[in-house]
Amino acid sequence: MSTSTTPTGFHESTPVPGPGSREAAHRRLVAGLLQRQGAALVFLAVMAVAWIVFPGFGTTGNLRTLALQSSFLAVIALGMTLVIISGGIDLSVGSVYALGGVLAAYGSRWGFFGALLLPLAVCGLIGLVNGLLVARTAMAPFIATLATLLFARGLLLAITGEGATTYKIDNDQVFLEIGRGVLFGVGYPVYITLALFVAGGVLLRRTRFGQALFATGGSESSAVLMGLPVARTKIMVYVLSGLLAGFSGAMTAAYLQSGVTVIGVGTELDAIAAVVIGGTLLTGGAGTVIGTLFGVLLRNVIQNIINQIGTLDGNFQSVVSGAFLLVVVVVQRTLSRGRR
Amino acid sequence: MDEPVLEVVEVSKEFPGVRALDRVSFRLRPGEVHALVGENGAGKSTLIKVLTGVHRPDGGRLLRDGRPVVFGTPIQAQRAGISTIYQEVNLVPLMSIAQNVFLGREPRGPLGLISRSRMHAMAADLLAGYGVTEDVRRPLGSLGVGAQQMVALARAVSVDARVVIMDEPTSSLEPREVETLFEVIGRLHRQGIAILYVSHRLDELYRICDRVTVLRDGKLVHTGPLADLDRLALVSMMLGREIGDVRDHGVTGFGEDGHAAAETLLRAEDLVSRHRLAGVSVTVRAGEIVGLAGLLGSGRSETARAIFGALPLDSGAVVLAGKTVRTGSTSAAISAGMAMLAEDRKADGIIPNLSVRENIVLAALPRLSRYGLVSRAKQDKIVDIFVERLRIKISSPEQKVSELSGGNQQKVLLARWLCTRPTVMLLDEPTRGIDVGAKAEVRKLIDELAAEGMGVLLISSDMEELIEGADRLMVLRDGAIVGDLRGDQVTEGNVLAALAHHEGDADE
């Protein structure tokens, strides 16, 4: 047995490039900052400008409305953040959101718990179906959740007689408080949303489930080989997404005092946009809930500003969001290439 | 004698059409470093996957400390104390170093929440023993591949492993990192942890391994102390060739070279690609078939791919018919007159749902078209010529390629490249996976092409094919040429000798 072996000449003649030039490192740093905090930075800049330019913007009333309006989308986008970090996508949330609202209104005839639990049960179940399809049958999340999008929207139309019946919530004041209650001048939904985001952040960063989520999205085959419960994690994340969308629907119903059937069309795309603008990688494996929160706020602030201008078509909001989304995706692309 | 910590008893595994493992048995004793070797298709990867719970064996048993175990998933194998580090680092690049070490078993504090500070401290502590001193909060992807491999190793060992399987752990390490790895292996050895070490680098095996198990074609060929086998015997076993009376043949001097006078078509000079090629030079003359021999991972395919521009080079030059070809670009190589038949024809070659005609004319389309329109008549003519010349058996040129046998698919690919009128062809395993009759035909075709003045670079794991087919053989090991055999020197004994020996190693 030879003990005097030197490493083969192979290695010695191989040039060893340094760990990347300083310039590249600098570029990566800027890109990383833009990626993670881009939404927050742009949000603050836009806020500052709007505050100065539009007298109507900085008023307490306007800011309250802004915060309240952002809450409903933010809760949906929170679930979407988790799904996207896991490497998936959930297109069903817009329909599930609307369905949640109708079910809450429908269930309010059985009191507070009926109004709250009926949407959560059904929407959680839809999420479970999504999760099982994605995790157990290896169906593409895009397809699986597109199917449940149609399913949820169909169910909604069926129970409302194609939208002809609108269920009102008038006999349960406690449930209405969820959407209409006010504390220190700020609506309950804002507090609920903040609480959910804190919980979401803890879930992501401080629990094994959260870590498994990042690992699954970051490299699924590695996660499997490391012995992580990949399938269970995926199922859980779609259930959470369904629950959050359904809850947001219930909260909206409480706010509007009825189950409105026409909401939620295309909301899944708004949620995805907010998540991506918030710095979560669309390819999975990286992201933050706080980024998503700023993504949602940014979208609504731009909408609000366009309303302030008044003369501008409201559709310009989409134009601005779309442009910003493009920038973010390009930055993400550059960043992930820098990593390779 | 120590009780085996892990015993594999008559394990078999079958995949559609292949018997990947055929009643393989071997034992792993505590504290030993056990080499697992074999060529392509020997069954090493399948065996590893059976041991790690990725595949379930069709037959046979696994005994862990003498007790039968069944692994349905990787986590079950890990719980039984069997950890694996794979050739490709199987960690999550976007997550931090510490997170990667502790994924799935993070230290938890009050409320069951992960304690980040403790996790970071523990990770830093652990990794210091593996020569990784970077900030553990950095993303894993920011580390070099070698350091990532060390993190993988730290993770694998720290889960209370009794058995650590290492699949080509050094293939992407720098020499310094290899030393660290060997130190760690020495430490594990002293702790009584058994190591199953898979590598093609003989030097490494002889340096650190106590025993060896050789697999070939899914069957166990040999298992026993490594010191009882010299390099030549080991290589012969891996390749399944007889040693005969060829020991210690010198590989110097020049044999008869029938092509010495012919014009040099291809000259590749000093090709260097990090971790893959360490300065390979090859020349091919008109009408010459130059074979590349070497064990798995020696850089044969890489050499061909580098010449063809499919592998980025750190340095080196490729000259075709006197003109320098831009490296790193396959289109430059093709327009210079090269053609390459890739190793995996399913992945890199045929388009199964297109017809024979469409597959053949694909590469020649630019030449056949005018104003962006492709003349069907010209296509048909070309296809007819090649179908006849290469004796491709088809019912009609419109038949789907996926319906053809492997041999005929290979001929279709060959025809596609011949359409481009190459002066040099690079053939990587042209007869793999095709039946015996078709093999002979493809070999005959290669000879015919060479006879017409084409230069051929031939790669094959089939020693016979190389020795009978090639006029000249270059032997590769660890990304460098270690033997250059011409004419009469092209014999099995000389090839084996070149594969097994290396400079300054006269004692073996």
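Cβ coordinates are placed from backbone N, Cα and C, and glycine is handled just like the others.
Note: TrEMBL annotation is automatic and uncurated.
Residues annotated as region 'Disordered' in TrEMBL: A:1-22. The annotation transmembrane segment is assigned in TrEMBL to A:38-60, A:72-98, A:110-135, A:142-161, A:181-204, A:235-256, A:271-298.
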Going along the chain, which residues at least six beyond the ends of the transmembrane segment (A:38-60) come within the CB cut-off of under 8 Å?
185, 277-279, 290-291, 294-295, 297-298, 301-302, 304-305, 308-309, 324, 328, 331
Please report, as numbers and ranges, the same-chain residues at least 6 past the borders of the transmembrane segment (A:142-161) whose CB is under 8 Å from any CB of it.
89-92, 94-96, 98-99, 102-103, 106, 126, 129-130, 133-134, 167, 238, 259, 261, 268
Non-local residues, at least 6 beyond the ends, that sit with Cβ under 8 Å of the transmembrane segment (A:235-256):
68, 71-73, 75-76, 78-80, 82-83, 86, 88, 90, 92-94, 96-105, 115-116, 119-120, 122-128, 130-132, 134-136, 145, 169, 175-180, 187, 189, 192, 196, 209, 213, 263-264
Among A:72-98, A:110-135, A:181-204, which stretch has the highest count of C-beta pairs below 8 Å with the transmembrane segment (A:271-298)?
A:72-98
